[in-house]
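First up is the structure itself, then whatever we jot down about it.
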Amino acid sequence: MDPNTVSSFQVDCFLWHVRKRVADQELGDAPFLDRLRRDQKSLRGRGSTLGLDIKTATRAGKQIVERILKEESDEALKMTMASVPASRYLTDMTLEELSRDWSMLIPKQKVAGPLCIRMDQAIMDKNIILKANFSVIFDRLETLILLRAFTEEGAIVGEISPLPSLPGHTAEDVKNAVGVLIGGLEWNDNTVRVSETLQRFAWRSSNENGRPPLTPKQKREMAGTIRSEV
């Protein structure tokens, strides 16, 4: 196993532990708590994939961070922070919409690279909007936290989420997954539109319905999604 993969996991575990302590002291806002929950799932998936114990990794990560901090001068730390571009966290969904449990009458699921697409194929003839919580950097989507499809009545009928075992995805991965989700929902004569925030940062071009036109590849994936069982 690559030692850098192990040390990266160890440091991520320790930093999550620090953030959890911050949350326990009620010092974190909604986006902070949102990322904390999502990262916990990601770490569990990575730990299972790597065969590493999270508690042991956390202790090792603490030693790595402490060693670095001892070697780091205050001036060097300031320069490093100043040179790192800041990302922004954008929220279409409320905390309740983000954390709400939902179920499907006719569940369909597809894994597209590092993303999991889920939708309820029982939904027909509905007006649906896609909302997402994500971070952006340089005016481009950086990390998708969660995307969900809502009916006008507020019911959740679809979702795109990162796979905990495959961390890391690109804006293009998200764009392709959105195309597959839209295609699957439109198959049953639903009308789908995308939130303005997601439309602005997830892609640059869209049609008059507020969503990107499907590529031939996305249409093929859409057809495969309709036929695939969970």
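Glycine too: its Cβ is placed from the backbone N, Cα and C atoms.
Marked as region 'RNA-binding and homodimerization' by Swiss-Prot on the basis of sequence analysis: 1-73.
The feature motif 'Nuclear localization signal' is assigned by Swiss-Prot to 34-38, with sequence analysis given as support. Within its own chain, the motif 'Nuclear localization signal' (34-38) is flanked in space by residues 16, 19-20, 23, 28, 89, 95, 98-99, 133, 145-146, 162, which lie at least six positions past its ends and keep a Cβ under 8 Å from the stretch.
The motif 'Nuclear export signal' annotation in Swiss-Prot covers 137-146. Outside the motif 'Nuclear export signal' (137-146) by six or more residues, the chain places 34-35, 38, 85-88, 93, 98, 115, 159-162, 169, 171, 174, 201-202 with a CB less than 8 A from a CB of the stretch.
Look at Swiss-Prot and you will find 180-215 tagged as region 'CPSF4-binding', backed by sequence analysis.
What Swiss-Prot lists as region 'Disordered' is 205-230.
Per Swiss-Prot, compositional bias 'Basic and acidic residues' is recorded for 218-230.
Per Swiss-Prot, the feature region 'PABPN1-binding' maps to 223-230; the stated evidence is sequence analysis.
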